[in-house]
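**Q** According to Swiss-Prot, the protein carries these features:
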type	residues	note
BINDING	D75, N76, E153, Q154, D155	Ca(2+) 1 binding site
BINDING	E153, D155, Q165	Ca(2+) 2 binding site
DISULFID	C51-C112	disulfide bond
DOMAIN	21-223	domain 'Pentraxin (PTX)'
CARBOHYD	N87	N-linked glycosylation site
CARBOHYD	N207	N-linked glycosylation site
SIGNAL	1-19	signal peptide
Amino acid sequence: MKGLVIFFCLFYGCHVAGATGKTIMLFPQKTDTDYVTLKPTERVLNQITVCLKSYTELIKEHSLFSLAMQGSGKDNTLLIYPYPPNNISISIHNEDIYFKVDPEVLQWKRTCVTWDSKTGLLQLWINGKLYPRRITKSRSPIGPQISVILGQEQDSYGGSFDINQAFVGEMSDVNVWDYVLPPENIKAYFSDDYTLDGNFYSWDGGNYTINGLIVVLRNQFIPKL
């Protein structure tokens, strides 16, 4: 598999983990005013992969990644929403799909979600484990104009946050691709041997705006699984 990962890196971009420290965003308090807005390029997505790393003591539901489109009923175009200790909801075009997952433990969690609008195939990976695949009802693409928020759940385009859905903890390595990332590269993301840069949004090179009292910690290191 190592050879496949190196081949992927040559064409799609990545760097060896450990060469530089990680940028971590710390969400220190329960509030409806602290969040991060990601600013990817605007284009239509027929496929998507979202990968992120999170670390929290929360034992209640919370929003990690919220992608909304403009218009009625499009606030949960893609939502990653854990229900600790052992459930998570992935929403696609406001269809909530629930997964039973391994119980939460107090460690960094790696989460990847992939979706293909042509087939409706939805895949959830957590800490290297692929959970039973699902098929969504929607076959509509995502975009082109989207709002992407970390740490809050959008009930309208770009806002209408609920304090009871807020994330408290740390987040890092949020990357988005405009295709379904192959399993060998998802496993590489979990292994931390390589950091794969998203071609739609890259944590290391993407634009973002911090709102509220979020603390940016640079040159940090995240323990391996």
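Note that Cβ sites are derived from N, Cα and C of the backbone, with glycine treated the same way.
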**Q** List, in sequence order, the same-chain residues at least six positions removed whose CB sits under 8 Å from that of N87 (N-linked glycosylation site)?
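**A** Same-chain residues close to N87 (N-linked glycosylation site) (Cβ under 8 Å, separated by 6 or more) are Y98, F99, K100, V101.
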**Q** Give me the CA-CA distance between C112 (disulfide bond) and N207 (N-linked glycosylation site), in Å, as a whole number.
**A** 21
**Q** Looking at the domain 'Pentraxin (PTX)' (21-223) alone, can you tell me the average pLDDT?
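**A** Taking every residue in the domain 'Pentraxin (PTX)' (21-223) and averaging pLDDT yields 95.
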**Q** If you count CB neighbours within 10 Å, which one among the binding-site residues N76, Q154, Q165 has the smallest count?
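**A** Taking N76, Q154, Q165 as the binding-site residues, the minimal 10 Å Cβ count falls on Q165.
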**Q** Quick one: give me the count of other CB atoms within 10 A of the CB of D75 (Ca(2+) 1 binding site).
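**A** Other Cβ atoms within 10 Å of D75 (Ca(2+) 1 binding site): 23.
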**Q** Looking at the recorded positions listed here (C51, Q165, N207), whose Cα lies nearest to that of D75 (Ca(2+) 1 binding site)?
**A** Q165
**Q** Identify, in sequence order, the residues in the chain of C51 (disulfide bond) that are 6 or more apart from it along the sequence and have a CB within less than 8 Å of its CB; answer 'none' if there are none.
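**A** R110, T111, C112, V113, D173, V174, N175, V176, L181, I186, Y189, L196, G198 - these are the non-local Cβ neighbours of C51 (disulfide bond), listed in sequence order.
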